[in-house]
C-alpha cells in the first residue's frame, strides 16, 4: 500500500476519480443588474420584472446548444480541452459567426 487513496496510479494520469461539485441554481449567478446592463447595451429603457427569469431561461438553452456542439467538436478531435475555435465553429454551425478568435 503506497497510501495514495483510491486512484493512486503514481504521477499524473489518475483516472476520473475527482470529486465533482454538484451544480445547482448557477443560472441565478446571472444577476438582475447583469441582465439590466445587457438590455441597456441593446438600447432598452424600461424593463418588466418578468424579463429576468425569462432571460435566464433563454440564455441557458442557448449556452447548452453552443456547448453541446463545441464539446462534439472537441470529442471528434480526440481532445479533452474545449478550445476557443471549438466554440467559434459551434457558433458558426448555428448561423452566428463570431470574428476575432482565430480561424
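Each residue, glycine too, has its Cβ placed from N, Cα and C.
What Swiss-Prot lists as DNA-binding region is 17-21.
Residues annotated as compositional bias 'Gly residues' in Swiss-Prot: 1-14.
The N-acetylserine annotation in Swiss-Prot covers 2, and the record cites similarity to another entry as its basis.
According to Swiss-Prot, the feature N6-acetyl-N6-methyllysine maps to 6 (among others).
Annotation source Swiss-Prot lists N6-acetyl-N6-methyllysine at 13 (among others), citing similarity to another entry.
Among the features that Swiss-Prot reports, N6-acetyllysine is placed at 17. In the three-state DSSP reading, residue 17 (N6-acetyllysine) counts as coil.
Cβ neighbour count for residue 21 (N6-methyllysine) (all protein chains, 10 Å cutoff from its Cβ): 5. Annotated N6-methyllysine per Swiss-Prot: 21, in sequence order, evidence recorded as similarity to another entry.
Residues or ranges marked as region 'Disordered' in Swiss-Prot: 1-20.
Residue density at residue 17 (N6-acetyllysine): 10 other Cβ atoms are found within 10 A of its Cβ, drawing on all protein chains shown.
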